[in-house]
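The feature compositional bias 'Gly residues' is assigned by Swiss-Prot to 50-61. The compositional bias 'Polar residues' annotation in Swiss-Prot covers 124-134. Residues or ranges marked as domain 'CBM20' by Swiss-Prot on the basis of sequence analysis: 233-332. The annotation phosphoserine is assigned in Swiss-Prot to Ser67, Ser135, Ser162, Ser191, Ser192, Ser201, Ser205, Ser208, Ser216, Ser219. If you look up Swiss-Prot, you'll see 31-73, 106-139 marked as region 'Disordered'. The annotation motif 'LIR' is assigned in Swiss-Prot to 181-187 on the grounds of similarity to another entry. The topological domain 'Extracellular' annotation in Swiss-Prot covers 1-6. As annotated by Swiss-Prot, topological domain 'Cytoplasmic' applies to 24-333, with the evidence given as sequence analysis. Marked as transmembrane segment by Swiss-Prot on the basis of sequence analysis: 7-23.
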Amino acid sequence: MGAVWSALLVGGGLAGALILWLLRGDSGAPGKDGGAEPLKDAPPGEAAAPGGGPGGGGSGGLSPEPSDRELVSKAEHLRESNGHLISESKDLGNLTEAQRLQNVGNAREYVPVGKVPDTHSRANSETSRNQSPESRVGEWRLPKGHETAVKVAGSVAEKLPSSSPLMDRAEAASLAQSAGHEDWEVVSRHSSWGSVGLGGSLEASRLSLNQGMDESRNSLVGGGWEVDGKVVSVKPRQVSIQFKVHYSTSTDVQFIAVTGDHESLGGWNTYIPLHYCKDGLWSHSVFLPADTVVEWKFVLVENKEVTRWEECSNRRLQTGHEDKVVHGWWGIH
């Protein structure tokens, strides 16, 4: 700063001196010429006393009047002062302008880089904003592996109707680029996920599939599963129970049977005949559900009618999970 101020002061002083020299040269030349001619033509007395009148130098000394030289010198002095003022005003103007430029330069130096307005970058941004999407897409350079995806996206964008402003070529290129990073698996139309309609979506088909599976799980009706509107009965696990009893009949038309509260034993309304083996042994196997408790009895049948019941309370049987042999005696638990 000190060097700048000193340079400005020296320059201002030189400019002021030059202006004063020019003003002196312009004002002194006419005065000299005008004063030389009267001195040559004037009498000796007037030349000796230019301020006196025709009567001599005594009267001139009592009432002196300003001479031409004094007027010229005063005019020169005024001009010099005026020139000095003009030069000072010019110097002050130059100093003010230099100080303003220096302040602007300092401000640019101390302002952060991100805050300084850059007209070049602003013009570039306006130019890039005015560019069409086609030119921007053309400037992008994609890897070789994604060129095919970009072409496919371009064909899809061309097939879309022109009235759709939401999908342009730039967006299609970006979608194709993002799709290029993912691995796609081709699934046949008749897959386990079912077919997706043109107006539907994969999410909708998946929801319908899950809903169908839930309905199939919760469609147990009357001990069976409901499949396509039909009830399919599911039989529980069964075990084989072999009933045996010794009884000697009096006639050949008589035989021993078993009945009980389970439907496999007749439900107390009918009976299950036992087969005669030998030595008065009757036996027969019946399938009953596993882990079930049933009540039953032996009966004597003659001419297809129950003629005798065991003389005891109802027998109870726990089927369990394995085959069993129930060997009882008539009327004895």
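Placed from the backbone N, Cα and C atoms, the Cβ positions cover glycine too.
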Helix, strand and coil totals (DSSP H, G, I; E, B; other) for the domain 'CBM20' (233-332): 3 helix, 56 strand, 41 coil
Confidence summary for the motif 'LIR' (181-187), mean pLDDT rounded: 53
